[in-house]
Amino acid sequence: MENLLIEKSPIPSYNREEWKRGYDSQPNEYDYWVDDMAGEIPAAFNGTLFRNGPGLLDIHGIPIKHPFDGDGMICAFTFKNGQCHFRNRFVRTEAYVAEQTMGKMLYRGVFGTAKPGGWLNNAFDLKLKNIANTNIIYWGGKLLALWEAAEPYSLNPATLETLGIDYLDGILQPGDAFAAHPRIDPSRNCLVNFAIKPGLSSKILVYELDSNGKLLASYDQIIPGFAFIHDFVITPNYCIFFQNPVGYNPFPYLFGFRGAGECVKFQDNKPTNIIVIPRQGKKVKILQVNAGFIFHHANAFEQGDNLYIDSICYQSLPQINPNTDYKEVDFDQLDPGQLWRFELNLKEETVGKTMVESRCCEFPTIHPEQVGKNYRYLFIGAAHNSTGNAPLQAILKLDLETGEKQLYSFAPHGYVSEPIFVPKPAAKTEDDGWVITLVYNGSSHRSEVVILDALDLNIGPLARLQLKHHIPYGLHGSWTGNCFI
Ligand code: CO
C-alpha cells in the first residue's frame with residue numbers, strides 16, 4: 001500500500017535537464033541480444049513487445065515543434081528462453097524516405113512543425129505527413145504501424161522492414177484514416193477500430209476485423225460539430241466515443257502560421273458528447289457530461305441498463321503556447337490527467353461521474369481478457385508524487401474493488417512509458433501476470449526494459465534489461481505471444 005500524503009507543489013521528483021534528454025533523437029538502428037541484465041526474465045515470458053513513438057525529434061538538425069510530429073520508429077523486444085533481443089527500425093514512410101534522401105525538412109507537421117522560410121513557405125501547403133508514429137499492432141498476420149489521420153503502414157514483424165501503406169485488403173481506400181487505438185474484443189476475437197472524418201459535422205466510421213484481418217462489419221455515424229477523438233472503448237454491445245469540447249479555426253493553418261493541431265481550441269463552456277453506437281442494429285444515443293479533455297480510456301463495461309467507462313481526464317486540453325519549446329513546458333501550468341469513472345444510464349439518459357484516482361496518470365493497461373467487461377485491476381503510468389503535474393515516473397496498480405493501490409517508482413532518474421499487462425500462461429487471478437514497460441534513465445541517458453510482477457509491484461522489477469543507448473519517449477505498443485526474431 002502506498003499512502004504518502006504530500007502537500008500541493010511537492011519538491012520535484014525529477015531533474016528537468018535529465019528529463020529533457022529523453023527527447024533527443026535516436027537516428028541509429030540497432031539489432032542485438034541484450035546482455036546487460038539485472039534479475040531474471042521469467043521462463044514463461046515468451047513473445048514480442050512492439051513499441052512505436054517518435055524516433056527523430058529533429059530533421060537534419062532543425063528541431064520539430066512537438067514530439068507528436070516525430071517520425072515513427074518501431075522497437076521490437078523479443079523474449080525467448082530467458083533472453084531478450086532488441087531491434088529498432090524507422091517506418092520508411094514516403095515522407096521519411098523523402099526527407100532523409102533530400103537532407104532537409106519537406107513537410108509541415110500537424111502539431112506545429114513548420115518548414116524553414118516562415119509562413120510564406122508554409123501557407124497552403126496542406127499535404128499531410130503520415131508519420132506512422134502512434135501505435136503498432138500485430139493482427140491478422142500483419143504488423144501495422146498506426147497514425148490516426150492516415151492509412152497504416154505494414155512491416156515485416158521479424159525484420160521490421162517497411163512493406164508499405166496497407167489498405168487492409170481493400171477495406172481502406174487511398175486517403176482513408178485508421179485510428180491508432182484499436183480494441184481487441186476478447187469475446188469475439190475481433191479487432192474493432194475507427195476513423196474520424198472531421199468537419200463542420202464529423203463522421204465516425206467503425207471497422208470490425210476477424211482474426212484473419214477480414215472485415216466482419218463496418219458502420220458509420222454522422223455527429224454534429226468538429227470531432228477530435230483519439231481513442232474509444234467497446235463493450236459486447238456498444239462502441240463509445242467521447243467527443244471532446246473543442247472548436248477548430250483552420251485559417252492560421254491554411255495561411256502557414258500554425259500547425260493544424262494548434263488550431264484546435266478547448267471550449268470549457270461546452271459539455272462533452274458521449275456517443276454510444278450500438279454494434280448491431282439499435283439507435284445511436286448521444287449523452288452529455290462535463291468531462292474536460294480525454295485522450296485515453298481504460299475500459300468500459302455493461303451492467304443492466306448502465307454503461308461504465310473509465311477514462312483519463314484533463315480539466316482542459318493540455319496545450320503548449322505555440323511560442324514555447326515543449327521541453328521548457330511548465331508542468332504546474334498544465335492540468336494533470338486523472339482517472340474518472342462515468343456511469344451512463346441508457347434508459348434514463350443520465351450520466352454520473354466519480355474520480356477514481358487524483359494522482360497524475362496516463363497510459364492505462366488491463367488484462368486483455370477483461371476488455372469490455374467488468375474488471376478489477378488497472379495498471380497505469382503515474383507521477384512519483386501524489387499531487388501536482390509531473391512526468392510519469394512510476395507504475396500504479398489500482399484494485400477497483402477494494403481501492404487498494406500499489407506504486408513502484410523509478411524516480412528520480414527513471415521515466416516510464418506506457419505499461420503493458422501480459423497474463424501468465426496458467427494465471428489464476430486477473431492480476432496474475434507481468435507488467436512490462438520501457439524506462440528512460442536520465443542519468444545514464446540509456447533506456448531499459450523492466451518486467452514487474454503484476455501480483456505485487458512492491459517486490460520491484462523481476463528483470464531490468466539495459467539497452468546500449470536511449471529510446472526517445474514513445475507513445476503506444478502491444479504484446480504478442482509470437483517470438484519474432
Ligand atoms: Co493514444
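All positions are counted from 1 along the displayed chain.
Keep in mind that glycine also has a Cβ here, set from the backbone N, Cα and C atoms.
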Query = Of HIS296, HIS413, HIS445, which does TrEMBL put in the Fe cation site with HIS181, HIS230, HIS476?
reply = HIS296
Task = Would you identify the secondary structure of HIS296 (Fe cation binding site) according to DSSP, in three states?
result = strand
Message = Under 8 Å between C-beta atoms and at least six apart in sequence, can you list the same-chain neighbours of HIS230 (Fe cation binding site), or say none if there are none?
response = GLU148, ALA179, ALA180, HIS181, ILE294, PHE295, HIS296
Task = Determine, for the Fe cation site, the additional residues of the same chain whose CB lies within 8 Å of the mean position of the CB atoms of HIS181, HIS230, HIS296, HIS476; present them in sequence order.
result = THR134, ASN135, ALA179, ALA180, ASP231, PHE295, LEU475
Key: Cβ-Cβ distance under 8 Å to HIS476 (Fe cation binding site), same chain, at least six residues away   = ARG51, ASN52, GLY53, THR134, ASN135, ILE136, ALA180, HIS181, PHE363, GLU418
